[in-house]
Every structure is written in C-alpha cells, then in structure tokens.
Amino acid sequence: MEKPPSIEETPSSEPMEEEEDDDLELFGGYDSFRSYNSSVGSESSSYLEESSEAENEDREAGELPTSPLHLLSPGTPRSLDGSGSEPAVCEMCGIVGTREAFFSKTKRFCSVSCSRSYSSNSKKASILARLQGKPPTKKAKVLHKAAWSAKIGAFLHSQGTGQLADGTPTGQDALVLGFDWGKFLKDHSYKAAPVSCFKHVPLYDQWEDVMKGMKVEVLNSDAVLPSRVYWIASVIQTAGYRVLLRYEGFENDASHDFWCNLGTVDVHPIGWCAINSKILVPPRTIHAKFTDWKGYLMKRLVGSRTLPVDFHIKMVESMKYPFRQGMRLEVVDKSQVSRTRMAVVDTVIGGRLRLLYEDGDSDDDFWCHMWSPLIHPVGWSRRVGHGIKMSERRSDMAHHPTFRKIYCDAVPYLFKKVRAVYTEGGWFEEGMKLEAIDPLNLGNICVATVCKVLLDGYLMVCVDGGPSTDGSDWFCYHASSHAIFPATFCQKNDIELTPPKGYEAQTFNWENYLEKTKSKAAPSRLFNMDCPNHGFKVGMKLEAVDLMEPRLICVATVKRVVHRLLSIHFDGWDSEYDQWVDCESPDIYPVGWCELTGYQLQPPVAAEPATPLKAKEATKKKKKQFGKKRKRIPPTKTRPLRQGSKKPLLEDDPQGARKISSEPVRGDIIAVRVKEEHLDVPSPNKASSPELPVSVENIKQETDD
C-alpha cells in the first residue's frame with residue numbers, strides 16, 4: 001500500500017512554481033489545490049479531478065449535462081411546460097436556456113462569441129496535447145471553460161466591484177462603507193439570528209458546525225514582520241456569518257478580541273498553516289508571556305474542534321446561482337401590481353436579481369431574490385390567466401439598456417416551485433373573504449376578497465375598501481402562500497386587523513361583515529398553515545430587504561413572532577414601517593450576509609444636519625411606487641452624511657402631517673433628511689466538524705527589535 005504524503009512532503013506531480021504563488025489564494029483551480037487535500041489525507045481533490053474528467057467525457061458523448069443543470073432536481077422534466085422546447089446549456093459559458101433560442105444547428109452555444117471562443121480554446125488544447133505527447137481524444141477539452149479557474153479569494157471578496165447602473169456600490173466599494181455589526185451587537189448586547197434559520201443562504205445547513213470554543217487559524221494583525229503571518233484564535237461568540245475571535249494566549253483578556261466574517265479567506269481550519277508552509281507567530285503583545293508556545297498550543301488544541309477542511313470550497317459552491325445576465329422573465333409591474341411585465345436580468349449578487357424592464361428607461365429596474373414569488377418564467381401569465389403588459393415596439397431599442405443583453409428565456413425549473421394544490425372537494429371562489437398582507441403596506445393585515453381564480457392554484461386578491469375601482473390594485477397570491485390567512489386569524493393571534501374603509505378596528509366583527517356584504521369566508525382547510533421549527537425569536541438581529549424600496553437591505557430586528565409569521569422592524573425607523581414576512585422569506589438574511597456577498601447594507605438611521613432645499617426641488621423627488629415615506633425617530637447620536645447616500649427620502653412632519661404641499665409658499669424651506677446607504681441557496685450535504693489535526697511545528701518566536 002502506498003504511503004500518503006505527510007504534511008512536509010510535496011507531491012512530485014506538482015511543479016515547484018506552484019509554491020511561489022500567493023499562498024493566500026486558497027483555491028486556484030484543482031491542480032493547485034491537490035497538495036492541500038492530499039496532505040490532510042483527503043481524497044476529495046483526486047475525486048474531483050477524476051469525476052471532472054469523467055464528466056467531460058460523458059458530456060462529450062451527450063450523457064451528462066453541463067454544470068448548471070446539476071442544480072435541477074432529479075425529476076426535472078426535459079421539456080418546458082407548454083412549449084415543448086428542451087433545455088440547453090451553453091458548452092462555453094454554462095448559461096441555461098432553451099434549444100430553440102441557442103445558436104447553430106447543434107444548439108451547443110448561446111451565441112456566436114461562445115461558439116468562436118470554444119473553437120479557439122479547443123484548438124489550443126489540441127496543440128498542447130500534441131506537444132505533451134498525449135494521445136488525441138475524440139474531442140479536445142476546452143481550456144478555462146468553467147468559472148472554477150477563478151480564485152476563491154477573488155470570488156468571496158469582490159463579486160464585482162464598483163457601482164451598478166443605479167448607483168448602488170458593490171463588492172469592495174460596498175465593504176469600504178460597511179456597517180460595523182460587531183460593535184453594534186457588543187455595545188447593546190444584541191443577539192443575531194443563526195444562519196441555520198435562513199434556508200436560502202450559503203451553508204445554512206452546515207452552520208451548526210460553527211460553535212463557541214472552536215479553533216481557527218487567522219491572520220495575525222499584531223505582528224511586525226515583512227510577510228503575512230498567522231496565529232490560532234478561539235471563537236468567543238457567533239453572530240450570523242460573523243464570529244468574535246480571541247487570539248490564543250490572551251486567555252480571559254477580552255481587550256484584543258476582534259470580529260471576523262467566516263466567509264473571508266483569512267480564516268482557516270487548524271493545520272492549514274503547516275500544510276501551506278505558513279508561519280505561526282504569537283501576537284507581539286503577548287509574545288513574551290510564554291517561553292514554550294508549542295507546548296502551550298498542544299494543550300489548548302487537543303480535543304478541540306475546527307472548521308471542516310472543505311469549508312471554503314462548499315461556501316463557493318453554495319454561492320453559484322443559475323440565473324445569468326441576459327435571461328428574460330416575467331416580473332410584477334411595480335407601477336401596477338395587478339399585472340406583470342417582461343424584464344431582463346442585469347445583475348446577480350448573492351442570489352438577488354436586478355431586473356430591467358424591457359420597455360422601461362435605464363433606471364426602470366426592480367430588485368428581488370431569485371426565489372421570490374414575484375418572478376415567473378416567460379409565458380407564465382398567459383398560462384395561468386394573469387394580466388401582462390405587452391412590450392411596446394421602440395424605434396430606439398439600440399440605445400435601450402437591455403439591448404444586446406437578451407440571450408435566452410429563463411427556463412421554468414430555475415424558479416422556486418410552488419406547492420401542488422388539489423381542487424377536489426371545494427376550492428376558492430370569487431367573492432370569498434379572507435385576511436391578507438397588504439402588498440402596498442406590508443405592515444398591515446387587511447380584510448380581503450378573492451377577485452379572480454387563476455389556474456395552477458393562483459388567486460387575484462384585493463384589499464376591501466381599497467382606493468382603486470378598476471382592479472389595478474389586485475395582487476396575485478398562490479393558494480399555498482403564507483401571506484393569506486383565514487378569517488379571524490388576526491383575532492385568534494392578537495394581531496390588529498385593518499378593516500375596510502368605514503369600519504373601526506376595535507368594533508369590526510367578521511360575522512356581521514359577512515352578513516352585511518352577503519359573502520362567505522374562505523374555508524380554513526384551503527390555507528397553508530403549517531409551521532416549521534424556524535428558530536427565530538423576538539429581539540434577534542438580521543439584515544432585511546425594505547420591500548417598499550427593494551434595492552435596499554437594512555439593519556433590522558425581529559419584533560414579533562406569530563407561528564411562522566415575523567414582524568420585522570427596521571432599526572431607527574418608526575414602527576409604522578414594520579413589515580410582516582414569512583419565516584422562509586428570501587428577503588431576510590443573517591448578520592454578515594451583505595459583507596459576504598459585497599452588497600450594500602443600510603445602517604440604523606441617525607440624525608443628520610437638516611439640508612436646506614428649495615421647495616421646487618423637493619417636489620421633483622422621485623415618487624415611491626409602494627407604501628408611505630418613512631418618518632424618522634429622533635435619534636440620540638449624529639453622524640455626518642456619507643458619500644454613498646443616494647435617492648434621499650423626504651421626512652414627514654413629526655407632528656403627523658404626511659404630505660408636502662406640491663405648491664409651497666414662497667420663501668418656505670423644506671428640511672430634507674437623507675436615508676443613508678452604506679456598503680458593507682440549497683447547500684451541499686452537511687459534513688461533520690473534524691477533530692483537530694494538531695500540528696504546530698512551524699511556530700516562530702517573535703522578539704522586539
């Protein structure tokens with residue numbers, strides 16, 4: 001039996017040049033990662049390499065789909081509903097689409113550029129194989145075809161730096177203006193919701209492996225050496241993706257504790273430094289505290305736990321999303337929620353999609369998560385009977401932002417599937433009454449009516465007493481949605497019900513209302529009222545989308561828990577802007593998610609100096625599509641306005657006035673407060689946290705010069 005290489009050995013197949021690269025770039029393709037896995041006795045690298053070669057051969061023979069189709073469930077049909085078109089995957093860029101929309105007779109590529117790039121790379125691979133004396137294969141493999149050649153560090157740190165077209169900073173630009181979650185949590189003794197509560201975020205089903213007392217190797221920031229050195233730290237506290245760490249040797253001294261996001265590449269399992277020839281150096285502050293650091297670490301590490309060896313690999317795997325720029329879909333029309341519009345995916349960040357309406361302007365966009373019930377595949381509206389705004393033919397489409405971005409339609413199985421419904425034994429009928437979350441004011445649960453029954457279990461619901469009489473405020477809910485409830489739900493759960501116009505909340509009675517309107521309530525058995533053990537508790541902190549301005553993600557608190565329904569309060573804002581969301585909503589995220597994905601996080605609102613603004617300028621502010629403008633709570637601290645502020649929101653009159661006159665008196669000055677913007681899906685199978693491989697040979701004693 002062949003002896004596995006020890007941590008000091010370097011496999012002979014690896015060229016020496018590999019060691020001269022930046023060792024902090026943990027994953028630089030499977031070749032550079034082979035020595036890491038083999039050194040710890042893991043066969044995952046060789047398995048990945050062998051399986052990758054086997055998959056390539058099978059793909060060439062037409063037996064396996066390209067990687068994006070691995071996201072499909074085993075029972076996924078091979079044809080699209082209603083159209084009969086088969087799904088296809090571009091062999092160059094990996095984009096998923098339909099065969100009829102793909103290029104060439106073979107339908108192997110999504111565009112001419114991909115076809116040419118594939119051909120060029122195939123020739124290079126064939127020439128390289130001949131130079132190396134390898135036998136020719138039936139089809140030369142494409143060089144650098146997949147995104148796996150990207151470094152894991154670059155992937156986690158900079159998923160597109162700079163700004164989006166709407167001015168939203170991303171990547172490193174977002175992190176520079178980031179909100180300090182650690183200080184905020186520690187100063188106020190807040191508790192963050194665990195990552196395991198959010199089923200749509202990376203590694204949600206493996207976060208139980210991250211526990212208090214766990215040991216990791218992190219960058220030593222308290223050292224004066226020319227090269228980057230590391231030291232071992234213990235997890236003192238967990239808060240979402242962030243952990244509070246303490247260097248070994250400080251023991252009970254918390255003065256040098258620091259927060260870190262476990263998604264960064266400077267946090268590693270124990271043994272990583274020994275494998276990668278990195279030096280362990282104690283912090284300069286305590287370097288003289290012990291004379292035998294090796295013995296001290298041996299005692300501290302024995303029996304402890306650390307991160308799984310493949311932690312960062314699985315993190316990257318779980319942050320790959322099937323939606324790509326250029327995919328077309330149907331999304332709710334934000335100007336008229338009773339219909340949908342055609343849109344094109346412009347940006348994908350952490351599973352969140354920035355959509356551009358096809359017939360809109362360059363800033364006519366809409367943000368949502370890829371699991372949002374607001375988006376659907378092309379043809380969905382026609383199939384279920386939902387209204388859709390037909391795109392107008394524009395003569396200047398060459399200058400439209402979606403021009404040259406439309407590659408293919410997003411296939412149906414990329415969208416979150418809804419629960420199957422059975423209409424036998426009675427179903428929803430037009431005119432039935434129920435309670436529903438108001439889509440235009442998400443903090444209210446209102447008396448509502450089923451206005452129309454669509455196909456596939458979808459319903460058009462309207463709020464009783466709404467301002468619209470033409471049906472423009474109808475909203476589409478699926479029968480299994482957790483945003484609709486049977487009559488008396490609010491009464492049974494002590495939630496304030498918003499009655500129709502002309503009724504008082506204190507005196508509203510369902511029996512009298514049904515009798516007066518000569519209607520009947522929808523049977524309770526038709527509603528989806530199951531409640532999982534979600535783990536959310538009152539007071540937990542998280543990051544939540546402001547659904548009235550869905551491009552913004554804000555610091556928020558779980559204000560109330562009613563079964564699976566959560567009342568989300570945005571820190572610093574008045575309670576009238578609270579929102580009801582489901583515990584499995586894709587619009588809530590754990591602490592540190594924005595930092596992990598490079599998305600901008602809105603901090604709690606603080607007082608800012610009033611900015612004089614001419615009345616006529618104030619009236620030009622873009623009107624919000626949904627809901628009311630936010631009224632600010634008088635804060636105790638002040639903070640200067642940061643450069644990242646965009647789209648200021650007008651503050652309401654603190655005495656209760658909600659509207660600003662469109663024709664202000666000459667000479668009046670309107671004070672404007674600006675809402676600050678600060679930058680800061682299923683996962684692989686769960687792996688148990690391994691015992692520590694105690695290896696502390698490379699410990700260097702640092703001395704003061």
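Cβ coordinates are placed from backbone N, Cα and C, and glycine is handled just like the others.
If you look up Swiss-Prot, you'll see SER13, SER67, SER338, SER683, SER688, SER689 marked as phosphoserine. Summarising the annotation, Swiss-Prot assigns phosphothreonine to THR76. As annotated by Swiss-Prot, zinc finger applies to 81-116. If you look up Swiss-Prot, you'll see CYS90, CYS93, CYS110, CYS114 marked as Zn(2+) binding site, on the strength of sequence analysis. Positions annotated as repeat 'MBT 1' by Swiss-Prot: 179-283. What Swiss-Prot records for 291-391 is repeat 'MBT 2'. Residues annotated as repeat 'MBT 3' in Swiss-Prot: 397-500. According to Swiss-Prot, the SUMO2 cross-link annotation covers LYS405, LYS647, LYS659, LYS675, LYS700. The repeat 'MBT 4' annotation in Swiss-Prot covers 508-604.
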DSSP-derived helix, strand and coil totals, residue by residue, for the repeat 'MBT 2' (291-391): 22 helix, 34 strand, 45 coil
Fewest other C-beta atoms within 10 angstroms, as judged across CYS90, CYS110, CYS114, which are the binding-site residues: CYS114
C-beta crowding around SER338 (phosphoserine), within 10 angstroms: 20
Contact call for the repeat 'MBT 1' (179-283) against the repeat 'MBT 4' (508-604), three or more Cβ pairs under 8 Å: yes
Cα separation, SER338 (phosphoserine) to CYS110 (Zn(2+) binding site) (Å, whole number): 33
Distance [Cα-Cα, Å, rounded] between CYS90 (Zn(2+) binding site) and SER338 (phosphoserine): 35
DSSP-derived helix, strand and coil totals, residue by residue, for the repeat 'MBT 3' (397-500): 13 helix, 30 strand, 61 coil
Three-state composition of the repeat 'MBT 1' (179-283), taking helix and strand from DSSP: 21 helix, 30 strand, 54 coil
